[in-house]
Structure formats: structure tokens, C-alpha cells
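Peer 1: Following this message is one structure expressed as C-alpha cells.
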Amino acid sequence: MMDKLGYRITTLDISGDSAAMPAAKYSIDTSLFDSLVDKVNEASSCSDPATNPAAAAAASTRSMKQRLVQFNNDDNDKDAQFLAELLDRRLTEDRGEVIFEVGQEADGSSMDLSDDDIAQVTATLTKVVQMPQVASFVQLLADTGAPAAVQSERTFAREFAESSSAQSASASATAAKAKGAGQGKPASATEQDKTMSAPSVPSSVRGRTAYYLIRRKPQGVEQILEVRVAVAGNVDAGKSTMLGVLTQGRLDDGRGKARVALFRHQHEIESGRTSSVSLEILGFDKTTGAPVRHTDPSRKVSWDAVCSRSSKLISFLDLAGHEKYLKTTVFGMAGGAPDYVMLMVAANAGLNGMAKEHLGLALALGIPVFVVITKIDMCPPNVLDGTIKQLTKVLRSSGCRKLPIAVRDRNSVIMAASRFVSQRVCPIFQISNVTGEGIDSLQTFLNVLPLNRCYSAPTSTPAQANTDTTAATKGKKAAGPVAGETQPKMQFDISEVFVVPFVGTIVSGVLISGMLKPGDPVWLGPDYNGHFFQTAIRTIQRKRVDAQAAYTGQSVSLWLKKVTRSQVRKGMVLLGRNEHSSEEPSSSKTFEAEVVVLYHSTTISSRYQAMIHCGSVRQTARVLSIEQADGSAETLRTGDRARVVFQFIRHPEYLTEGTRLIFREGRTKGVGKVLRVLSKAEEFEAVSKATKGTMVFDHRSLKVLNEGIRHRAANAANAAAAASAKTEPPAAAKKTLKHPTKG
């Protein structure tokens, strides 16, 4: 096939050295897919006798193909119960969604499925998922044995353009005409369909294989699955435009019309550049799995309508790409707690500017990355080949150590998504926001993205959770330990604060651990003196919809009781509070971390100051002491690793052990992990040692310490006065009544 058309769907050769790659075209090595499929089959086989005794016992009587294809027979009740238990177990293990693979038996033999068998399997799974035990929906994602079922990118682009507005369709036709005029005579439609829809079937897969997406139907907004994706990249890479195309369902006109709805400020609309962290959601329908969009391409679906119709949400964090907004981008990537990073690269510009900075931030925070190459409709083939070669070289370098895989159809989408988190795989997409090419593969990839392994999806309603908690509490009280000791401590990081007129102060962020319900008492802090004060949760909203509870890993907004805007700031936390205990949580200005210097022009020594980004915390800190493993001098250079004691300049913060951090100062960058938080005595000793007993630059710490002592003494006095007032009201009342009679 000629490079005139083939450059759009060419893939990366990761089997050999990058120096040996051809200059104009790349082809993927199927051996990688063979190894990936072998590993996927081990974990996602329909029934594994080694791990499932029930499947081993049933294998001797009826095979999986018989249960799926010959469903309407005398043993249909047993088959339905067997399949329902299998799917329920798989959904529970995979936290609400699973990719069900049909094509191989438990012993590895092929099922030899035909077209009629695939239709019967689809009908069987449709009946099974409707059972109350499963309560899910099923969607056929890909079929390796039917090339016609694999939707080509050009076919999808045509359908997508037809559903768009007339202006977008006209712009798409103009862009396609200009492209054809610039590249010469295009290939025939038959050759295009053959090239675009050719599935990359691994050689290790024998016979036909069908992949089904099965996902539980949520009973409320609290149970909707959510995946947070941070959209990063250099300025003018098309980040906001691509999000507008994905969420609104209409193509761009080539001048950024699709991005206008995502901007938050007037200067962003005028300049076309994002300067803040914008939020947008993409929902997938809970009955069909299709993206939730408005039937009218010129209108946008509200967030509450998306939540009412969706079973899974993709929350996009649109980050700024300009260099002067780097601190906002770092705060959004660290404080927003994204599960994945979507790195946008313009085909005509390559991996340049802030795109490399954003890639380094994602690698430092340990966030999986996938790459989207945009503007392929306006990029010449030789320039696109240079961009792919540069991107491949960077991803395969010793600093990244990624395996780039070009995704062109749904089969490769499933293979890449199934091994995306556990392996060093970096999927690469090539899309055009004007013609719609590549959009289908990207939105399918977003639909099957697995949840964050650190969080677990809720499997019961809030009422059921309360009942289970009560039962568990009664059982634990009978056994001896206190129930609160086994429950995870509630922690909510505040990343945004705003005031709603006639309502009050609203805070938004991510629930790191525990569970929240309206009316729960919480600690809010630390303030500028390092103290926490008591408040309560009035209401909870998730994606602008009222929720009855919030679970670990969900991003929600909270209405706080009797809290003013001046009392809250970004970086504060909400901690669980026991009504029967008044022990206030502690915060500190000093902590010890293990850091690695990524880049510094000179050396880092004591009293060095840098900006610390640790979750939602963003504050300048100084270096008090440096301890290297080899006992060398207390100085750090590029590539050095050491234990460093930091002290915040302004006010204390609440940090937890094991949290990743980033410190930067100009072009100086370093990453690390919090090892421990120092107490007041340890902080005084560290400061005294760093200043050699003079305490010259730490007079603020002494002032805050004295204010804290006075604050605690005043609280104790007020509590004692209130207690004495409660114990002596009758005597005081009698004295007040005697005074009038004496007069």
C-alpha cells in the first residue's frame, strides 16, 4: 500500500533497535501481541480449572461452548446458574466490569465458532446478564473472525461526520479535498477498506475469538464507575478541541469551534489557550455502552443527564499547555489524582516544548501514559514519520522504558487496554478532529480502561452498606476489637474552594480513603496555625448530582456546615471525627523524604528552597539537612539520591507517609516520597542543628509554636468554664431570683 494513505495507520516496530527502523514506514511485530495474549488468557479465560473447582467439575460434563451455544435445552437452568455465578464472580473481582473472552476452552483448545455461534453466544450472554444476580449489560467489542465487524476508521469518520452539524460536515469535506489535492491521487475505496479494517490477529490465537464488555448497571450515582484522565501536552496540541469532539459528538471546523464550551474564562475564549484546570466528563450508556451525547449535535448534554444514563464516567482534567501556567498544570496533575495521563502531541510539531515536561511529571508520579497524535489530516507523511520516530525514541529511552504500540482497530485496543496498567505498554493513537479519523479507537479505549487498582468500586447501595457496617460492628464488638480500629481512616483532600450564593462554602476534591455520608462530623484543617476545627457535612454532590454517600477514589463536592470562605484554602484536608472523642489531629511543618534530583545546574545544599507539590499541598519549603547513603558531603547534584528533611516556610500541612512529591525551582526538578512526619521536638532539634543553635531564619516557627500553646490553653479554659457552667445552673438561678425580693 502506498505511503499516501498508509502513513495514517502504520504502526511502530518495537521488536528491534530503533536505529534499524525504516525511514518511511513502520510495521508492528506480532510477537508482542502473542506474548500479551498468552498472559491475558491466563487471567481472563472463561473457566480455569486450577483456580475454579466448580469449572473443573463441570468441564467433564459440558464444555463452555455447549453452555454458551446450546443454551436452550433441558439443562438451561443449570447452564444459566453456572454462567451467572461465573460472571458475578468475575465482576466482583474486577470491581464492576470485565472483558469476557469467548473462543477457547479451559484446556486451551479452540471453540471453532461460526457466525451462528457468535449470534447464539451474544443472545445467551444477553439473557444471563439480565438475571438479578448479575444485573449488567453486555456489548460485543470485537470479533477477530469477522473482518466486517471491525469498523474501519474511515467508515466511522463518515458516520461521525453525518451526525455532526452542517458546518462541521462542510469543514470536513473541505479539509479532505485539500488533503487529496496536496497528496496526489488517493487510493481506491476497496484498497482503503482493506487496509483500514485489517485486524491484527495474533498468531497464537487459534480460531475465532469474540470479546464482550460486561458491566454492572449502577443503582445510583454513587455506584457509577469513574476513571480520571489528565489531558496534557504542549500548547496548540489540540487538547481542548479533542475533548470537545469526544464529549459533544460533533467534529471541529478546523478553527477550534469544538473547544469553546470547555473554557472557563473569557481570555481563554479570546486566546484559545487554557490557563486553568477545566473539567469535562464523557459517559457511556448503561444499556448499550455507547457514548452519551445529545441527539442534536448543536446542543450539549447536562451533567445530571449524563449521570442518569451512564454506567461509567471518564472525567477529563484539561490542563494548561503554556509554560507560564506550569504551576497550575503541576497542581492539577498532583492534586487531581488522575488515574491515567493522555499526552497530546501535534503531528506537525512533534514531542517538543512542555510536552516533555508533562511526560516527565507523569513518569515521576508513576501515572500510566498513553499518547494521542493529533492533526494528522494537515500533516505531510514525511513529517508524521519523523514525529513517530522521535516519539518512539523517547518512549524507549532509559528514562521512560516504555513499549510503544500503535492502535488502529478494536482488537489492538483490547490488547493494549488489558495490559496497560501492569505492563510497560504505551498505546499510541493517531486522530483527526476535523475528519473524525481515529476517534472510534480512542473512545473504545476509554470505554474499556480499567479502574485504578488503588481504589475499589462500591458493590452495594448506601442503605446496604449501612446495614453491613452495623452487622459487622455488632460482630466485632462481640469478638472484642473495636469496629473503628479496622475501618480505614477517612481522608478527603481539598483541591478547589468556591462559594455558592445563598448556599455557603463548597469544597471539592478526591476522597483518598474511607467513606462519607451527609451529616458525618469531620475535622477541617490545618489552618495557618496548624490547628483543626470541627464541622459537619451537609450534602454531597457527585458530578453536580446529589449523592447519598461518597466512596474511596471518587471526586465529589461537599457543602460544609458553618464554614466561611476565609477559613478554607486549597491543600487542607477533611478527616473523620468521632463524636465521643475530642482529640485533635496533628500537623507539622517538617517532614523527611527520600528524593532523587532529576536535573539541577549546580548543587543543592542546606537552606535551599523549592516549591513542594505533594497531593493537593503546594507550598515553598526549605532544606534543613541532607543525608546521603554513602555518607558523602551534604550536597546534591543531578542524579543523586538522599534523605532530605524539608520545612515548610509559611504554615504546617497534613501529610501522610508514602505520598509521592515533586519539588521544583525554575528548571530544577526532583521527585521523592514522604518517609515520616517530624514531631515538634524533632522539628526543634532539626532547625537548631541546621542553624547551629542560632535559630536565625526560623523565628516564624517559634511564633507559631507560642500561638499554638496559647490557643490550646484558651480552648482548655473555655471547655472548663463550659463544664462548670453546666454543673451549677440551679444555684445561679436561685441567686438571681433572690435579688428582686431583697430590693
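Cβ atoms are placed via backbone N, Cα and C, with glycine included.
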Peer 1: Out of 161-203, 247-289, 548-590, which range is noted as region 'Disordered' by TrEMBL?
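Peer 2: Region 'Disordered', as annotated by TrEMBL, spans 161-203.
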Peer 1: Check each of the ranges 28-51, 460-483, 628-651 against TrEMBL and return the one annotated as region 'Disordered'.
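Peer 2: Going through 28-51, 460-483, 628-651 one by one, TrEMBL flags 460-483 as region 'Disordered'.
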Peer 1: Between the candidate ranges 600-623, 720-743, where does TrEMBL place the region 'Disordered' annotation?
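Peer 2: That would be 720-743, per the region 'Disordered' entry in TrEMBL.
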Peer 1: If you average the pLDDT over the domain 'Tr-type G' (224-459), what number do you get?
Peer 2: 86
